[in-house]
């Protein structure tokens, strides 16, 4: 990246204004300058190949719907030119065997169509685990627990405190109390205890809400990025609930905060080949097992954001579940950037110089995340945007791609000797049309990674405060719960009674690799009253709150 482009991704902010209390400059005004990296304006450089990929998905799924109108038009043109007497005469000219044969081919075609089309996948219900109040900590208590462990010096604790103050994380998040221990807590025993607590807590609620027996579940997918013991977490679930022996179980590891959508995609594929089945998807992350105790600041950052949480989702492909399902799965779009070295190492688990294991956050994270987001939403656009938005977006993209003026502007961006009129003309040509995603979705659930990331997403996609409310409030109330976070956000929308029949919900998550994944749901009914075990039910009246 050139120096000019690098500077474009930086923003400055004056903080800590005050008066020097002592020393030779006592009484003088003082301030600090904070430099931050922003998400790149990823809609300024949309690639045509990803728009093409989106239309490829659309054509594959709509080939039957495109064929039927053509056949109807051909048939209408043929029959429309005949009178009623001529139509009857032509019908009587055919013998009985021809008519029966034609009818048989017609029925066979209809049967093949309905048997070959993908089955609808319904979301019956979902549950989000809410830990007990004894695990709840304020930001100050969090720092005190870290200090009590004796594993961090004051410089590292001060860095954690500064990160927390700007994180958007509130004072009611949950962490395992073991982080205050002076002993090693990244053990298999500690990991299994935390996993049992959050996973079984979420599943107990799910089975109670759906009234589905564990033995009736045909597909089980568990995802947890860091903690992957043997036997697997999916085996632990099967053992605890005594599930049936022929269950299709999968355990996804190392796939980061976007693994929840990957797990839903895998469950959908399994349901397509196994009719009349239930699938359960469990998404979680172990905070204690991933606790970093070193002094590398790039590895301390995850400690400040990640909190306890777990979600469990019940999916079904049974047609009779249409009436009482909450949502229907519409689209899943997955983007993987691991072929690029910077993306691959942007979130990287390794040991520091002292030998302590943790997640290292690269300075390129915001940039590679923006590139992954750009690719994902560009591919998703043709599947969800109204035709008018697609037409405007595609026309602007073609104009920017093939316009000689746009190319000239790109190649000579460093030149300064241009007239004001030429600058204005070139700017109009190269300025992209940003689609209005509010026309495609009523609700947005963006992975609550940090306050800064959510602010950049809002700015780049032109979203309102209301659109971002669920994501921001989830970050404040529960912190970054990794792959389960988007379900706490959907639970927030339900607790606010915002979801109505026909509403479209966009969940988008991103994580190590680097990956960015989207899933689109359509509400089958209005959620009139939140369930008593909704994680927001006891505090929803206090939200939203300013961050």
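All residue numbers here begin at 1 and follow the chain in the order shown.
Yeah, the Cβs are placed from backbone N, Cα and C, and that goes for glycine too.
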According to TrEMBL, which of these ranges is region 'Disordered': 408-428, 429-449, 450-470, 471-491?
408-428
Of the ranges 36-55, 96-115, 116-135, which one does TrEMBL flag as transmembrane segment?
96-115
Just to confirm: which same-chain residues, 6+ apart in sequence, have a Cβ under 8 Å from the Cβ of residue 336 (active site)?
513, 514, 515
Least Cβ-crowded entry, counting other Cβ within 10 Å, from the active-site residues listed as 443, 447:
443
Where residue 447 (active site) and residue 476 (active site) are concerned, what is their Cα separation in Å, rounded?
13
Over the span of the domain 'FAE' (113-400), how high is the average pLDDT in this prediction?
93
Taking each of 443, 476, 480 in turn, which of these active-site residues have a Cα lying within 10 angstroms of the Cα of residue 257 (active site)?
480
